[in-house]
Amino acid sequence: MQNALDPHAAIVTEASGGAATLLTTADGQPLARALARSSARARRRAFLLVAPLLLFVVVTFVIPIGQMLHRSMYNAGFADNMPQVSAWFQENPAGTPIDEAAWGALAADLQLAAGNRTIGIVGTRINYDVPGTRSLFTSTGRKARDGFPPPYRDSLIEADAKWDNPTLWRAMRSASSAYTANFYLSSLDRTRDDDGKITTVPERQQVYVMLFKRTLWLSLAITGMTFLLGFPIAHLLATLPMRKSNLLMILVLLPFWTSLLVRTTAWMVLLQQQGVLNDIFVWLGVVGPDGRLQMIYNRTGTIIAMTHILLPFMILPLYSVMRTINPSYVRAARSLGATSWTAFRRVYFPQTLPGLGAGALLVFILAVGYYITPALVGGSTGQLISNMIAMHMTETLNWSMAAALAALLLGGVLVLYWVYDRLVGIDNLKLG
Amino acid sequence: MTTAFGNDGFVVFDHVQKSYDGQTLVVKDLNLSIGKGEFLTMLGPSGSGKTTCLMMLAGFETATHGEIRLDGRNINDVPPHKRGIGMVFQNYALFPHMTVGENLAFPLEVRGMGKAERESRIIRALDMVQMGKFRNRRPAQLSGGQQQRIALARALVFDPQLVLMDEPLGALDKQLREHMQYEIKSLHDSLGITVVYVTHDQGEALTMSDRIAVFNDGRIQQLAPPSVLYEQPENSFVAGFIGENNKLLGTIEKMDGARAVVRLTTGELIDATAVNVSGIGQRTLVSIRPERVEFKPELMPSDAHTIDAQVRDVIYMGDILRARMTVAGSEDFVMKFRNTLGQTRLEPGQRIRIGWHPQDARALDPV
């Protein structure tokens, strides 16, 4: 309908009479077609302008995230390198006793994988599900160069008794299909029991759900802290005269201009047990020399350092909203009989909500995915889920697990975004 | 009119001074007494101190020196919310996140008024400005004129004795502005409230006010009812600021009481009334309203001095004709005359003699 107001639209002559009134231009063409033609050029040009960005986003964002999501439920490390035993699993449903054919397939596959030097990949894949099995595969692989003689069951068990383990076979069965939900189950501290039912893993192995909860809780705490600290600063910035507020703005933005590592290191210097702050406390007699506070390498350190680093993301949207609030609103409220607190609570604060929403969302989303600061100052109790993702990426090399954790995190953020949209409305968001 | 107000001192500014930077005075020694029920307008160019005075009265600025009294009570240290003064702002300042009804309920809620009483007052206030149907709208859904009415209703809903208005009609178009002037005036008359109105629009000030205080340079230049202000300006700033004005520079040639004869710099003699000049030989600026200039001898006093004028152009304005002339070296001398049946039509280039009644030409201080 908007296009009807397009100044480029041709002159309209309305064919009068008849139920099916078709609007045409002065020379008798259908109006819709004339309009499409006249605006096509502008549309093409607009598309060409955004094309580089579109390409960039697709190449650097959509494809990698798509790959990550794919990897979180696809791992062909076993299926590709162990074709015969995988085929046996396909043909025989779960619960079928392991027969000699299965053992034969396994023996042949082990020989094949050992020859192709892919036995390590296979072992790593099974190791995700049954810890300690990688060495079983590699050691058996070394003995498999020349093949195993039949009966295969006996020769394999002779090579290593651990092969006769139903858990191992169940793990191989689930790994035989490249597509699996197992990584998601593990991400939620769940696993399949011997009957294939989903159960919780033993308590001492539970780590991810606790980490997700901690990430959520710490991110909320950090968001709350940035709000408490940032709101007065943003208000000051918005109300001070230009020259002073510019100076203050530089102070707010200063952290942005410093390397993240430098800032984090500075916090270490300040907060550690032999650090500046503790020295001052001891000197003032607030704490004894033996009672130095542990303020870093734990949750406190993570909260302090991340609050500092994320503070500008709260201040800037708040500031941009507050600057547009005319001081006459508060004056009007005061003249109408409201105390300064009531005027703030009922008139000023509600008008800052779009900025507050934007700031809180920004800080929260950034905090949920923050990695480097908790890694450096978090100790063991200040680690977040992203540190676990990093560990799977760089240490255990279980990328599928990392991808599943990241996908859950992404899903959580999207859900949060949706909830925010329902509660506040995304159109109310004001980023600047 | 002056005698009806101003003596009971409902609002009093007593030697009030205001400085923002400690070096210059924005308001220099203001003394003003406003009567109960009066409609007083503070008129002046921007930066003249009129808005500062209003803000001090509302309590948003503190007086650097002097005392402001409301109904006999010194309110210098009373916070704005305890003054009970209604205020209408230039940009209306309707709370954007509340509906019209909530906006009106706000002053009543903060006063702890019960729901039933609130309801009846809101309905009464909305009916007063003919906006009863808009109660559930948000301010952004209203036109400028409608927002103005709501702002007015909100300032009146808690029955304040004094209402301040800070250029409330500045953002409206001309027609709506004139209509709202009339409405504000009639609300003032029917409610009997005291209004202090700030504007830089002299037409607005003339139509609405009981008295006008003309501000310039931090001082009240003249405080008088509209007709006095227009016809008898006391100094050249007031004469120049209110209405259109012809100015002729000269020296006093002869003085007989208030009646004076002025010799212009180009040598001609004209009649004038001495206002703030003291004696013969003093330089003066004579100010004459365009509509008081005559070119027909029968409309002038018999002994009037007349001077030469050459018509430059005549603009047809419908109800009047406006002639721009060269008079005594000044090229912008304006004469307005009524467009009556059979009125003499002046042509560009035509030479005429013009004159006026001595009381219409006011000899003021030279600027």
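Every residue, even glycine, has its Cβ placed from backbone N, Cα and C.
Marked as domain 'ABC transmembrane type-1' by TrEMBL: A:212-420.
Marked as transmembrane segment by TrEMBL: A:46-65 (among others).
Annotated transmembrane segment per TrEMBL: A:216-240 (among others), in sequence order. Cβ atoms under 8 Å from those of the transmembrane segment (A:216-240) belong to residues 248-249, 252, 299, 302-303, 306-307, 310-311, 313-315, 318-319, 322-323, 325, 327, 352, 355-356, 359-360, 363-364, 367-368, 382, 384, 412 of the same chain, restricted to positions at least 6 beyond its ends.
Per TrEMBL, the feature transmembrane segment maps to A:247-270 (among others).
For A:303-321 (among others), the entry in TrEMBL reads transmembrane segment. If one looks beyond the transmembrane segment (A:303-321) by at least 6 residues along the same chain, the residues whose Cβ comes under 8 Å of a Cβ in the stretch are 218, 221-223, 225-227, 229-231, 233-235, 237-238, 249, 252-253, 255-256, 260, 263-264, 267, 271, 295-296, 351-352, 354-356, 358-360, 362-363, 366-367, 370, 373-374, 377, 382, 430-432.
The transmembrane segment annotation in TrEMBL covers A:355-377 (among others).
The transmembrane segment annotation in TrEMBL covers A:397-420 (among others). Sequence-distant contacts of the transmembrane segment (A:397-420) (same chain, at least 6 residues past either end, Cβ-Cβ under 8 Å): 65, 68-69, 71-75, 124, 128, 183-184, 186-188, 208, 212, 215-216, 357, 361, 364-365, 368-369, 385-386, 388-390, 426.
Residues 233, 236-237, 240, 276-277, 296, 301, 304-305, 308-309, 311-312, 315-316, 319, 372-373, 376-377 of the same chain lie 6 or more positions beyond the ends of the transmembrane segment (A:247-270) yet place their CB under 8 Å from a CB of it. Within its own chain, the transmembrane segment (A:355-377) is flanked in space by residues 215-216, 218-220, 222-223, 226-227, 230-231, 234, 260-261, 264-265, 267-268, 271, 296-297, 301-302, 305-306, 309-310, 313-322, 383-387, 389-390, 409, 412-413, 416-417, 420, 424, 428-431, which lie at least six positions past its ends and keep a Cβ under 8 Å from the stretch.
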